[in-house]
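Copied over from TrEMBL, here are the features:
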DOMAIN    196-212  domain 'CCHC-type'
DOMAIN    221-236  domain 'CCHC-type'
DOMAIN    251-266  domain 'CCHC-type'
DOMAIN    270-285  domain 'CCHC-type'
DOMAIN    289-304  domain 'CCHC-type'
DOMAIN    308-323  domain 'CCHC-type'
Amino acid sequence: MGAYKYLEELWRKKQSDAMRYLLRIRSWEYRQLPKVCRVTHPTRPDKARKLGMKAKQGYVVYRVAIRRGGRKRPNPKGIVYGKPKNQGINQLKNRRNLRVIAECRVGRVCPNLRVLNSYWVNQDATYKYYEVILVDPNHSAIRNDPTINWIVNPVHKHRECRGLTAAGRHARGMTKKGHRANKRIEPAEGEESQMKCYNCGGVGHKARDCPSNTQRREGVCYKCGQPGHKAFECPEGGERRAPRVSRNVVCHNCHQMGHIARDCPNEPVCRNCGQSGHIASECKNERTCRNCGQTGHIARECPNAPVCRKCGKSGHIARDCDQE
């Protein structure tokens with residue numbers, strides 16, 4: 001490996017003892033200097049070289065400190081009206097990233113130079129430090145270099161303020177190139193899609209397009225992920241807790257008190273004909289009243305007085321019955 005490869009590996013492991021010590025010492029040094037200052041050599045020569053810098057005349061490097069976090073709106077004399085929530089002073093976020101702001105500040109300090117690129121060098125609790133590479137468009141070494149003389153064109157003046165640098169294009173969301181770069185890119189032929197279905201757990205489709213709809217009808221247990229039962233009925237969930245129901249409730253399946261039909265230990269029974277194996281909504285027999293036993297109407301439409309299923313007397317229902 002070349003020397004730049006070793007430097008790149010050192011900067012990749014910023015939590016190593018050596019890099020933590022260097023970054024801490026340098027952050028103290030940077031705090032003693034002006035917010036925008038020129039440096040003689042780039043702190044990261046491998047990164048600067050990768051971003052287009054050359055060790056020749058016409059290239060300049062500036063380091064700039066940018067305060068971290070959001071921003072406050074300037075408010076002369078503190079005159080505001082209404083609630084602080086609606087004043088729009090605090091909790092304002094930058095529309096551009098801090099690296100773009102660093103390039104713009106250096107561009108204002110050096111209006112005769114052109115911003116080429118920038119990179120991160122350090123940060124502490126208050127500031128982030130970036131180094132910005134600038135090019136002198138009037139230098140003969142730049143004008144005679146065919147790899148960089150494109151920046152001499154007047155159209156590239158203050159390109160950092162118009163989002164034309166790498167950081168500016170990234171802030172604008174332009175991370176791709178070419179035709180249909182603003183569209184969603186489908187996976188290439190032969191590549192497996194990373195889209196995952198939350199219904200069946202398969203890959204390549206969403207839950208709304210899932211071909212196996214049976215799990216959604218039957219219900220899927222959130223404990224074991226198996227269909228056919230719910231979480232409170234899961235056999236892997238240990239002992240089942242007693243349902244939190246009142247003692248006065250009546251089961252519509254067996255007509256006993258103390259539990260509801262969902263927790264009934266007996267087999268489901270049709271409330272219309274009294275037979276097991278189907279429910280009332282699927283019953284093909286004629287409607288039967290559970291109050292008087294006659295056909296043609298249901299209990300809530302019965303003209304007779306309500307009959308208690310517990311004691312057999314009329315005038316009250318099983319829930320209000322005094323008999324134990």
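Using the three backbone atoms N, Cα and C, a Cβ is placed for every residue, glycine included.
Curation plays no part in TrEMBL annotations; they are all automatic predictions.
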Practice problem: Restricting attention to the domain 'CCHC-type' (308-323), give the mean pLDDT. | Solution: 77
Quiz item: Per DSSP, what is the residue tally for the domain 'CCHC-type' (289-304) in helix, strand and coil?
Solution: 3 helix, 1 strand, 12 coil
Exercise. Would you mind listing the long-range same-chain contacts of the domain 'CCHC-type' (289-304), meaning Cβ under 8 Å and 6+ residues beyond its ends?
Key: 271, 314
Quiz item: Using DSSP, what's the helix, strand and coil tally for the domain 'CCHC-type' (251-266)?
Solution: 3 helix, 1 strand, 12 coil
Quiz item: How many helix, strand and coil residues does the domain 'CCHC-type' (308-323) contain under DSSP?
Solution: 3 helix, 1 strand, 12 coil
